[in-house]
Amino acid sequence: MRPTWKALSHPAWPEEKNKQILVLGLDGAGKTSVLHSLASNRVQHSVAPTQGFHAVCINTEDSQMEFLEIGGSKPFRSYWEMYLSKGLLLIFVVDSADHSRLPEAKKYLHQLIAANPVLPLVVFANKQDLEAAYHITDIHEALALSEVGNDRKMFLFGTYLTKNGSEIPSTMQDAKDLIAQLAADVQ
């Protein structure tokens, strides 16, 4: 009988586990700014959109969380589903003030979550400080979040990042705490 690869693997080598928190959303939604702000507890605006992949580790009192942001422009969206299977949870960032792109964001979000019906989902309705921003109840409706499934943990946060260098708003801290708890629960 031929041994399987698993039998040949070294016992000290850990099996590959889902360990990254994916940060996805259309280009211009504010994913990088949100991620940097979560990491540093300070508002840090990003100017250029992510071209490719951006990984960030955030330490909490109890653990270390690995975030993987994948660019939101069309050439990079094809990678989203490939990495989804390796994710602990999905953070999906939308620009609350960009009304014309919400149907596109909804389409991609629903394609992603259809592939994994139990993957926890955290939606950031970003740029809530802008005058044109939809309220989170409007974002909930525009993204059809009531259709994400009963087996999935889903959370929606209205977020904004104001002055560069200032402390992150309490909503962002609450979101960070929740993400840490969700990640710990899934692992």
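Positions of Cβ are set from backbone N, Cα and C atoms, glycine also.
Gln128 (GTP binding site) falls within neither a helix nor a strand when secondary structure is assigned with DSSP, and so counts as coil. Annotation for Gln128 (GTP binding site): spatial neighbours Ser96, Ile136, Gly158, Thr159, Tyr160, criterion Cβ-Cβ under 8 Å with sequence separation of six or more. Residues or ranges marked as GTP binding site by Swiss-Prot: 25-32, 69-73, 126-129.
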Tertiary neighbours of Ser73 (GTP binding site) (same chain, Cβ under 8 Å, six or more apart): Asp27, Pro49, Gln51
Helix, strand or coil at Lys31 (GTP binding site) [DSSP, three-state]: helix
Binding-site residues compared (Gly25, Gly28) - the one with the fewest other Cβ atoms within 10 Å: Gly28
